[in-house]
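Here is the structure we will look at.
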Amino acid sequence: MTQRHLVVMAAGTGGHIIPGLAVAQEMQHRGWTVSWLGTEQGMENRLVPPAAESGIEMDTIAFSGLRGKGLLHTLTGGLRLLGAFAACAKILRRRATTAVLGMGGYVCFPGGLMASLLGKPLILVNADAALLMSNRALKPVADRIAFGFDGAAAATTRQAVVTGNPVRAEIETLPEPPVRYAGREGPLRVLVVGGSLGARVLNETLPQALALLAPAERPRVLHQTGQLNRDGVKEAYAAVGIDDGVEVLAFIDDMAARLAHCDVVICRAGAVTVSELCAAGVASVLVPLIVSTTSHQRDNALYMAQHGAAIHLPQSELTPQALAERLRTLDRPQLLGMAEKARALSRPRAAARVADEIERLVRKDGL
């Protein structure tokens, strides 16, 4: 049988890239080869392990979208888009592509359109309940759209299937919360995650909030800041006299181990983040990102809070005083209960479900 090859398209943020890696690994376990289509400067160049380690070779194109970067950028956008179309078509042919998976990011529009024109099955993963912008554009040519959550968009999309969001296998297979929480003593363990790009409001608020707590009340904190913010956050903790019990990292490579170790996570409420919290079974304080055009993160946070799986703390209410009071009142029995409720909301085997859809389309097309 001819070797089957999947091209994964994902760029820009960990929320696109990390679930793509989960599906890529699942397809490799099924005997497929996998390559990655990203952008020249994107985070995918760091997050996707080298081919010698992962077996995933990287192809990149020079494309960063059409909007919001000045008049000249917009005026030359058509030429750059044509160049991106040509580059994607060349890559898909050279890779002898069997199917194409779009996870999100600028690369998905030219890559997805070329996949359709070349007759390759095109599967899109839509992390939120509402359709993402690139997926709206590609909806007419997509063979399948795998939704992370139920919602009106999935119900009204002909090609829709609700799979849940793909989660790293090492997170999905963590022990149940009661096993992890058993025997824990001492200060609470707080994991602060601003996402792969960092979250400014969390970086600014956490040091001030901890400074309001007496030393005996302070949790131990691991704070992930984003690549550009590490030094500034370390200085902020030092400025308020907190030198002990806090570890500051730009990025967390072994997220599963960190989730397993912590009692509670303070983070944004992106769809992939929420899916990982549920898969792991971890309590959380969710501070949704404020975006004028969507309410996705707020909806995610409310959903978790309504099920007792998280505390929803709107950014408009996030002050050092409010966060300090939240931390002061948390205890492990309460957090264990939240963790168990989060685990109950998980959708196991999402990566395998997406892989099933890919193989189903390939069989249908006789490839």
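The backbone N, Cα and C atoms fix where each Cβ goes, and this holds for glycine too.
Taken from Swiss-Prot, the feature UDP-N-acetyl-alpha-D-glucosamine binding site covers T13, G14, G15, R168, S196, I252, Q297, and the record attributes it to sequence analysis. All chains included, 24 other C-beta atoms sit within 10 angstroms of the C-beta of G15 (UDP-N-acetyl-alpha-D-glucosamine binding site).
Within 10 Å of the C-beta atom of Q297 (UDP-N-acetyl-alpha-D-glucosamine binding site) sit 22 other C-beta atoms, taking all shown protein chains into account. Following the DSSP three-state reduction, the secondary structure of I252 (UDP-N-acetyl-alpha-D-glucosamine binding site) is coil.
All chains included, 19 other C-beta atoms sit within 10 angstroms of the C-beta of T13 (UDP-N-acetyl-alpha-D-glucosamine binding site).
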